[in-house]
Amino acid sequence: MNLLLLLAVLCLGTALATPKFDQTFSAEWHQWKSTHRRLYGTNEEEWRRAIWEKNMRMIQLHNGEYSNGQHGFSMEMNAFGDMTNEEFRQVVNGYRHQKHKKGRLFQEPLMLKIPKSVDWREKGCVTPVKNQGQCGSCWAFSASGCLEGQMFLKTGKLISLSEQNLVDCSHAQGNQGCNGGLMDFAFQYIKENGGLDSEESYPYEAKDGSCKYRAEFAVANDTGFVDIPQQEKALMKAVATVGPISVAMDASHPSLQFYSSGIYYEPNCSSKNLDHGVLLVGYGYEGTDSNKNKYWLVKNSWGSEWGMEGYIKIAKDRDNHCGLATAASYPVVN
């Protein structure tokens, strides 16, 4: 082959392989990298920026539709911006739904007027939003948050509990640390172990480790757990009368990855395919009509910069949207 022709072919191949970036995004890209402390090699930077730009365009399109009234929630760029949705799901969604020993069944209270809105944060039984990092330990944060609330309601003291204790020590009950687990398995571990350490004594590391539980630092315990029937009405009664509740949801969608504010409704959200454990801390409605714009108030474990300072409102009474009522439970504290 002619040398000049060969060079031309090679140059053409290189040009086709190199992503073309939207220069109008350059300032935002560099600011995003600085904010989230991203350092890449040359080849990885090209790949990550291409992903970031694709996500940014998706967010802009959605928010344009939101402004026109086509959606009830907005989206924004966040720390997950350089991740594909597949990467995102593999890293942070660690709920592993499977058959397991059931707890006691929730007995719905009779002849009780249920309030139209509840927010357990106002009662002082919810700790600040935490961040699970790149570890599939959502189940541990959901379980610890639920037990934190029950212990507060019993003792009047709000103590942050150790997720790392659960990540490292509950393998015998069926959990797999950063590779996923179940809140009910965590409650079972706490019962069998005789306690759970405080966050202060056993801090979170966002990685698997050997069990370092020390009984002298245990500040919480449970005697089992209660499973709630798979209906939103029963879940509403449990939230109103029991406290924050551990729930699982379908968190697999880009719309949730970049959720910002408003009432989340994703047409493709499943009520059965659950992959993320969260903490349900209340419910309510937007506007003046309590029969419209209803939502569940959910505490996530992706840090306070995600969503509404770490929280999300999910559509309520819309056919168990995203599955919040499918696998709800709470620990029993005597």
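Every residue gets a Cβ built from N, Cα and C, even glycine.
Swiss-Prot lists 1-17 with the feature signal peptide, giving experimental evidence as the kind of evidence.
Per Swiss-Prot, Zn(2+) 1 binding site is recorded for Glu122, and the stated evidence type is similarity to another entry. Around Glu122 (Zn(2+) 1 binding site), no same-chain residue six or more apart in sequence has its CB under 8 Å from its CB.
Listed in sequence order, Gly94, Val167, Gly177, Cys178, Ala206, Lys207, Asp208 are the same-chain residues six or more apart from Cys135 (disulfide bond) with CB atoms under 8 A from its CB. DSSP classifies Cys135 (disulfide bond) as coil under the three-state reduction. Swiss-Prot lists Cys135-Cys178 (among others) with the feature disulfide bond, giving similarity to another entry as the kind of evidence.
Look at Swiss-Prot and you will find Cys138 (among others) tagged as active site. Every protein chain shown contributes to the tally, and the Cβ of Cys138 (active site) ends up with 28 other Cβ atoms within 10 Å.
Note on Glu163 (Zn(2+) 2 binding site): other Cβ atoms within 10 Å of its Cβ, all shown chains, come to 29. DSSP assigns Glu163 (Zn(2+) 2 binding site) to a helical segment in the three-state reduction. The Zn(2+) 2 binding site annotation in Swiss-Prot covers Glu163, Glu199.
For Cys169-Cys211 (among others), the entry in Swiss-Prot reads disulfide bond, with the evidence type similarity to another entry. Its Cβ placed at the centre, Cys169 (disulfide bond) has 24 other Cβ atoms within 10 Å.
Look at Swiss-Prot and you will find Asp184, Asp227 tagged as Zn(2+) 3 binding site, backed by similarity to another entry. Every protein chain considered, the tally of other Cβ atoms within 10 Å of the Cβ of Asp227 (Zn(2+) 3 binding site) stands at 15. The DSSP secondary structure for Asp227 (Zn(2+) 3 binding site) is strand.
Summarising the annotation, Swiss-Prot assigns Zn(2+) 4 binding site to Glu205 and lists similarity to another entry as the type of evidence. Taking all protein chains in view, 14 other C-beta atoms sit within 10 angstroms of the C-beta of Glu205 (Zn(2+) 4 binding site).
The annotation Zn(2+) 5 binding site is assigned in Swiss-Prot to Asp250, His253. The secondary structure of His253 (Zn(2+) 5 binding site), as reduced to three states from DSSP, is coil rather than helix or strand.
Asp275 (Zn(2+) 7 binding site) falls within neither a helix nor a strand when secondary structure is assigned with DSSP, and so counts as coil. The annotation Zn(2+) 7 binding site is assigned in Swiss-Prot to Asp275 on the grounds of similarity to another entry.
There are 25 other Cβ atoms within 10 Å of the Cβ belonging to His276 (active site). Swiss-Prot lists His276 (among others) with the feature active site, giving similarity to another entry as the kind of evidence.
Marked as active site by Swiss-Prot: Asn300 (among others). Neighbour count (other Cβ atoms within 10 Å of the Cβ, all protein chains): 28 for Asn300 (active site).
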Listed disulfide-bonded residues (Cys178, Cys211), ranked by Cβ neighbours within 10 Å, top entry: Cys178
Candidate with the highest Cβ count within 10 Å, taken from the binding-site residues Asp184, Glu199, Asp250: Asp184
CB within-chain contacts under 8 A for His253 (Zn(2+) 5 binding site), separation at least 6: Asn85, Glu266, Asn268, Cys269
Entries of Cys138, Glu163, Cys169, Glu199, Glu205, Asp250 which, being recorded positions, have CA atoms within 10 angstroms of His276 (active site): Cys138, Asp250
